[in-house]
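Student: Reproduced below are the annotations present in TrEMBL:
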{"type": "DNA_BIND", "residues": "1-96", "note": "DNA-binding region"}
{"type": "COMPBIAS", "residues": "251-260", "note": "compositional bias 'Low complexity'"}
{"type": "COMPBIAS", "residues": "261-282", "note": "compositional bias 'Basic residues'"}
{"type": "COMPBIAS", "residues": "287-299", "note": "compositional bias 'Low complexity'"}
{"type": "DOMAIN", "residues": "1-96", "note": "domain 'OmpR/PhoB-type'"}
{"type": "REGION", "residues": "251-315", "note": "region 'Disordered'"}
Amino acid sequence: MTDNGPVRYGILGTTQVGQADGTPVAVGGARLRALLAAFALRPGRALPADVLIADVWGMDPPADAPGALQALVGRLRRALGRSAIASVDGGYLLCAEPDAVDLHRFERLTAEGGRALDAADPGRAAALLDEALALWRGPALADLPEATVEAARAESRRLDAQRTRFAADLALGRAARALPALGALCQDHPLDEPLQALRLRALRAAGRTAEALAAYEAIRADLADRLGADPGPELRALHAALLQPDLAAPAPEGAAAAGARRARPGRRPPPRPRRRTLRCRRPPGPATSAPASPPSSAGNTTWTPCGPTSPRTGW
C-alpha cells in the first residue's frame, strides 16, 4: 500500500487493517498479525525488541529472535508502508494515534458516553455507546494469544459499556425494549450483581414486579450455591423496594431517568453518616430543665504520534 492517507487498525476481534475509505489491507500470516496486534495495542509507544519477541513468540522464540523480528517488521512495512513502523533505540513503534485503533477509540467513546449519562443526556450516551460497542467483531486481541491480561481487561471494559448502555435505556424509558438483550447478557454473567440489578430495575419499570421478585430469588440462590454468599446491598435494597407495591410501581419517564443515572454501573453513592440515638433514664423527681441537645453524630464530626495527524474517520 502507499504511505498516503490515514490507516485504521482493528484488534477487537481478528487483526484487521483498513484505509480511510474502508479498503482492507492484506496482512497475511499468524506471526505478522500478532506483531501488528502488539503494535496496535500500544500505538505511538516505543516497544523494546524483547517485548515484541515475547508478544509474538511467547515462550518459544526462534534461535535468532532479533533477526526474526527485524525480518517480520520488514514484511509489515511492505504491507502498511515504510512510514507506518519507525525504528527507535532498541525497538520499534507504530506511528499512529490512539483513535486509529478500534480498542482505543472504543475506550474514548465509552468514557464520553458515561459522562453524557452523568450529565443527564441519556440519548447522547446511548448513541456514543452504540458506536463504541459496534466496533467489536469478536474476542479482543484474538491474534495475540500472549496478551491474556490485556484481552481480559478489554472484555471487562466491554461489559462495563454494556451495563452503562442499558442504564441509558432505563433513563430513556425503554425498559421493556431493553429486557430481552439485558436478560440474555445476565444469563452470560449470572454472578454480575450490578448487571443483575439493572435487570431487576428494568422489570420493575416495565411493571413486571412478580418476575422481578422471582428473578431476585434465582439470583440469591445462584450466589449461595456458587459462592456461598448473599446478595450485596444494592440487590437487597431493590428486593425490599419490590416488596412495597407503591415503590415497585413503574416510575414516570422523568423519574426513571433520574433513577437510572443514580444507578449507573460501577458508581457507588457516597457513604451516609451514621446517626446515633442516645437514651438515658430520667432521674426521679420533677424535670428541672429542657433535655440537652443530642451530640453530633460521628458521621457529621464528613494516554506520541509520528508525523502529522490525520482527520479521524470511521471505517
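Yeah, the Cβs are placed from backbone N, Cα and C, and that goes for glycine too.
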Student: What average pLDDT does the predicted model assign to the domain 'OmpR/PhoB-type' (1-96)?
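Tutor: The average pLDDT of the model in the domain 'OmpR/PhoB-type' (1-96) works out to 92.
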Student: Over the span of the DNA-binding region (1-96), count residues by DSSP class, listing helix, strand and coil in order.
Tutor: 40 helix, 20 strand, 36 coil
